Amino acid sequence: MASGGQKVVLITGCSSGIGLRIAVLLAKDEKRRYHVIATMRDLKKKDKLVEAAGDAFGKTLTLEALDVCSDESVRQCINRVKDRHIDILINNAGVGLLGPVESISIDQMKRVFETNFFGTVRMIKEVMPDMKKRRSGHIVVMSSVMGMQGVVFNDVYTASKFAIEGFCESMAVQLLKFNVKLSLIEPGPVHTEFESKMMDDVAKMDFPGTDPDTVRYFKDVYMPSSIDIFEAMGQMPEDIAKCTKKVIESTSPRFRNLTNSLYTPIVAMKYADETGGLSVHTFYNLLFNFGSLMHITMSILKCLTCSCLRRRTISPD
Ligand SMILES: NC(=O)C1=CN([C@@H]2O[C@H](COP(=O)(O)OP(=O)(O)OC[C@H]3O[C@@H](n4cnc5c(N)ncnc54)[C@H](OP(=O)(O)O)[C@@H]3O)[C@@H](O)[C@H]2O)C=CC1
Ligand SMILES: CC1=C(/C=C/C(C)=C/C=C/C(C)=C/C=O)C(C)(C)CCC1
């Protein structure tokens, strides 16, 4: 368990991707400032984390079972923590969902909200009261650029991240009164199993109840552009881990933390025109009029991201 002066950090969804990388980076901190409680819903998936943690496993990193969709699992896990004392809670567990809304059942949509929205809220409800009592703590939420800007054919995933953004934006004000910090991390595309799971799901889709034009726009227009975007803009989970470490080590952490400066112009558009017209029409043109020129579009985006805009993001280095 945590030795004197170490901060206790509990992270959800550490079986792969961003959660795994944050857990390992913090557990291997040179100054041994953290005791990481890395959690995952299925401990049979622990091998990748255990291997990546190396010597830190069993020392600065311990493993616990936690399913963010289960009240009982969350309560049991937090009750096992000494004095229920968690200094930093990192809500990372999440699932994606891609495709035309007509092809997706309400049950599939609910599963996404159960994990991304209610899973995060369940964690915060369990951990926050102790933080408020102690007048200290930091809650970090792995949101997404899709929590700030909608992206076509990601309607439900985007909605789940918007929901958590609204929740956190409201909570942050109250928490400030109790000296508890709340930060959102806003990654763009990241190369993790999230990407491969979505590709696998799309390959299996048979688009029930969806008209042929919509299927064509999804498969032949959106998917190739999305693959281009992942290639051009994709970050590695290690980058997001470094950004997250910077945020928790900052003396006055920002509320929103973009990790990818290439996204700054896209987010800026939203705030430049509050009617939403600029964003909707720019996205329409990027996808349907310049989709085939996505490589060039990406270069323009890179160009637009001048140094003054870069300052608005948190760089991994
Ligand atoms: N990759 C990307 O492009 C981006 C990802 N994000 C966000 O980052 C976070 C991490 O995703 P990423 O690392 O990319 O994807 P991964 O699929 O690699 O990791 C997701 C993690 O969440 C876990 N998880 C899913 N459901 C539950 C649950 N009910 N209880 C506990 N854990 C659960 C998964 O566990 P299991 O192995 O058991 O399924 C896995 O460990 C997510 O919130 C995602 O929305 C944000 C922006 C971009
Ligand atoms: C920017 C952009 C596009 C795609 C963005 C994508 C694919 C973002 C993925 C973000 C992820 C995976 C976030 C996870 O939380 C389009 C619609 C192709 C064209 C218009 C510009």
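Any Cβ shown, glycine's included, is placed from N, Cα and C.
Bear in mind that TrEMBL entries carry predicted annotations, made automatically and left uncurated.
Marked as NADP(+) binding site by TrEMBL: 13-41, ASP67, LYS161. Counting every protein chain shown, the Cβ of ASP29 (NADP(+) binding site) has 17 other Cβ atoms within 10 Å.
The substrate binding site annotation in TrEMBL covers SER144. Secondary structure from DSSP puts SER144 (substrate binding site) in coil. Long-range Cβ neighbours of SER144 (substrate binding site) (same chain, at least 6 residues apart, Cβ-Cβ under 8 Å): TYR157, LYS161, GLU186, PRO187, GLY188.
All protein chains included, TYR157 (active site, proton acceptor) registers 24 other Cβ atoms within 10 Å of its own Cβ. Residues or ranges marked as active site, proton acceptor by TrEMBL: TYR157.
Neighbour counts of Cβ atoms within 10 Å were compared for the binding-site residues LEU25, ILE37, and the top value is held by ILE37. The 6 Å Cβ screen around ligand 1 retains nothing from the binding-site residues LEU25, ASP29, ARG33.
Screening the binding-site residues GLY17, ARG21, ARG33, SER144 for a C-beta under 6 A from any atom of ligand 2 leaves SER144.
Of all the binding-site residues listed (ARG21, ARG33, ARG41), ARG33 has the fewest other CB atoms within 10 A of its CB. By a simple count of nearby Cβ atoms, those within 10 Å, the most crowded of the binding-site residues GLY13, GLY17 is GLY13.
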